[in-house]
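These come from TrEMBL:
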- A:89-296: domain 'Cytochrome c assembly protein' (DOMAIN)
- A:315-635: domain 'Cytochrome c-type biogenesis protein CcmF C-terminal' (DOMAIN)
- A:6-26: transmembrane segment (TRANSMEM)
- A:38-62: transmembrane segment (TRANSMEM)
- A:125-144: transmembrane segment (TRANSMEM)
- A:175-195: transmembrane segment (TRANSMEM)
- A:207-229: transmembrane segment (TRANSMEM)
- A:249-265: transmembrane segment (TRANSMEM)
- A:312-331: transmembrane segment (TRANSMEM)
- A:352-374: transmembrane segment (TRANSMEM)
- A:425-442: transmembrane segment (TRANSMEM)
- A:448-469: transmembrane segment (TRANSMEM)
- A:489-511: transmembrane segment (TRANSMEM)
- A:613-632: transmembrane segment (TRANSMEM)
Amino acid sequence: MITELGHFALILAFLVSIVQAVVPLVGAQKRWPGWMAVAEPAATLQFILTAAAFAALTHAFVTSDFSLRLVVMNSHSAKPMLYKISGVWGNHEGSMLLWVLILSLFGAMAAWFGGNLPPTLRARVLAVQSSIAVAFFAFIIFTSNPFLRMAVPPFDGQDLNPLLQDPGLAFHPPFLYLGYVGLSICFSFAVAALIEGRVDAAWGRWVRPWTLAAWVFLTIGIALGSWWAYYELGWGGFWFWDPVENASFMPWLLAAALLHSAIVVEKREALKSWTILLAILAFGFSLIGTFIVRSGLLTSVHAFASDPERGVFILGILVVYTGGALTLFAARANVMQAKGVFGIVSRESALVANNIFLAVACFVVFVGTLWPVVAELLFARKLSVGAPFFEMAFTPFMVLLGLLLPIGAMMPWKRANVGRVLRQLAPALFLALALAGLVWAMQTGKTLLGPVGVFLGTWLVAGAITDLYSRLGKNRDLSRLLRLPRADWGKAVAHGGLGITMLGIAGLMAWQEEDIRVAYVGQPFTVGAFEFELNGVERVQGPNYFSNMADVSVRQDGETIATLYPEKRNYPVQQMPTTEAAIDYRLMRDVYVVIGDPQDDGGWVMRVYLKPLANWIWGGCILMAIGGFLSLSDRRFRVAAGARKSQMVGVPAE
Amino acid sequence: MKRFLGWWAKHPPYALALILALLAAPVAAVQPDEMLQDPTQEARAREISKGLRCLVCQNENIDDSNASLARDLRILVRERITAGDDNAEVVDYIVDRYGEFVLLKPTSGGANWLLWASGPILFVLGLLVAGLYIRRRSTAQAVTEQRLSPEEQTRLQELLRD
């Protein structure tokens, strides 16, 4: 019964989204207030109905209702409750439902918090947002319906893929989708502004908090996914340049660019058409990402053929929405006249440079990701583009970005003096060079990666501190720090976080150590500065798996600093083994131990990895996200509240 | 295969058949029994392996892969090293037999120059366009700075009080 109600709610939401996509748009064109006013309640209703459908599906998973095909395929009665819930989005149909749930949530939030927008713009934003929802509701209902029943329900389900039975699944996809789908609202703002024929500073201010929110969620989502891969996959890789990761990384890069170019629109009324284009492309890349993931085009050309319907449907959505928006963009380019005038050396130019680096980096990832398909279709060459390509082609742009960032961040608007900025930054530069030199001299292998990472990390962190320090005024009054706008703090924290992430990545890649051997109980061995001893391996039974759990002591200078319990699990329902690495997390390094198969002579294959600075990667991401939240909480974004007040004050006078 | 599993972890609906096929022979990445005695030779083997793709996996190199085919390739690489090949010869040997699909770092030959050059080309183009734009902005006549209207003044006061 609840399932049918959920199914019904989903169909109703589809119908509501059609109404919301059409009526307010017509209303805005004809200036009919009644028609425009439909948008707000429709957005709320659409969200409530989608949430109801999602709740119904969750109910089916929680109660293990094996009359539902989706539950049978992805759940099992013995599965822990957390994974029953997260299993709702651990599959194609359910994750698409989460997609539209978040899409309609953003639409509803735009309706709730958009009170200060001009009524026509608001009606158009909500209509465009809903038109995206129409496409995805249709996609779910016609190609990926999660509410299909089984003719003969089985006694139990086929369980969820064991790799997905991890808290990572509970948090990684929702955050990623909040980011991915959050960019839809920027897209809607861009298209609405194009229809409206008006892009001004106010538009920049409205669109920025949404971009910021989407970017923050995307940052958290990507970082969580990367950390999940790090501890779950058994050898501590954190980024693989795999098409699907690239699919989430491209919108992140463009959202970061959009975030910065929208500042120029807001403060200086320049870069308008570029910003609109970025807003369209950022969501366009989210759609491309969805297409890549859902069609299987890039991971295997044959997987695409196996489910052409879904892939073609999403390709259609991609072509219609991105193509339509770009056509509209071309038609309306003339309305976006820049107003602000600025010198060749200025904050504006620095932000243009930021956008070039980020956009080119995104383009490199895009070309590398799609090249195997292009090469096969056009040149009949079957080839691979893997991590070594991306490391060589992508990294230079990030290094350049890092080099220029602290300088650009301190430049004033309109006209800047590089000499002056560099003088302020001299201590930071000196510190970064000194540390990089020290590291260069101390490291054993002469790779450049480590010192470059240390230089960039120090330069960015010290640069961010210098930026804050420079705001103190002549008499260096520290109490002024607390009175700085939160956006300034957000900027410094996020930029510092980027530096820390860069340092972590470089450190880990340059200095990690690895040891593979057959370990015997009671025979210690040494890796780096640590001594390891296998104390025994025990057979353990979990709720839905069996496991070989090893007991490994880690000693440093003769003292036991940790006891680790790496596991090798076997999930009988899915017939699948997983490795559960045991990690001793420390500030400066992780010790990462994996247990393998037993050997005939009684030994066990054991892998030990020493991973310096690993936590800095995610620590930096957390800082970037905190920086984003700080900026979001800045009162300048709430200026809108003041605008509404003045309107309300104005009303009685009329 | 871990790489493959990683992909799979994020994309549950795909490749079920493939995963089952691979699980028929669950061995882990580089095994102690494969490794060469000579540490320099072993280090070379590891480095070469990191650039070779496991043919049955998703975008994963043979060094990290659990698939049995990857194990065969790792052993092949080590055999060639013991036979005295230098790194380039080992890679050529594998490419001759499995095609350029095994190379994770594509060559720059043929149309691939476009792949390698696309980033730098766009970068130069971007710099040119941005340079022209910025020059125009720096020489443009400032739009006459409009004074605030009385209403805007009141609203500004209001905001500043906020």
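One-based numbering along the chain as shown.
Just so it is clear, glycine is given a Cβ too, placed from its N, Cα and C backbone atoms.
In TrEMBL, annotation is done automatically, which means it is predicted and not curated.
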So what's near the transmembrane segment (A:38-62) in sequence-distant terms, Cβ-Cβ under 8 Å and 6+ beyond its ends? 2-3, 5-7, 9-10, 12-13, 16-17, 19-20, 23-24, 27, 68, 70-71, 74-75, 81, 84-85, 87-88, 94, 97-98, 100-101, 104-105, 107-108, 110-112, 122-123, 126-127, 129-130, 133, 146-147
Would you call the transmembrane segment (A:249-265) and the transmembrane segment (A:125-144) in contact, using three or more Cβ pairs under 8 Å, pairs 6 or more apart in sequence? no
Can you name the far-off residues of the same chain, 6+ from the ends of the transmembrane segment (A:207-229), with a Cβ under 8 Å from a Cβ of it? 106, 110, 166, 168-169, 171-180, 182-183, 185-186, 189-190, 237-240, 245, 248-249, 251-252, 255-256, 258-259, 262-263, 266, 279, 282, 617-618, 621-622, 624-625, 628-629, 631-632, 637
Could you tell me the mean pLDDT the prediction assigns to the domain 'Cytochrome c-type biogenesis protein CcmF C-terminal' (A:315-635)? 91
Other parts of the chain folded back onto the transmembrane segment (A:6-26), taken as Cβ under 8 Å at six or more residues beyond its ends: 32, 35-36, 38-39, 42-43, 45-46, 49-50, 52-57, 59-60, 97, 100, 104, 107, 123-124, 126-128, 130-131, 133-134, 137-138, 140-141, 145, 147
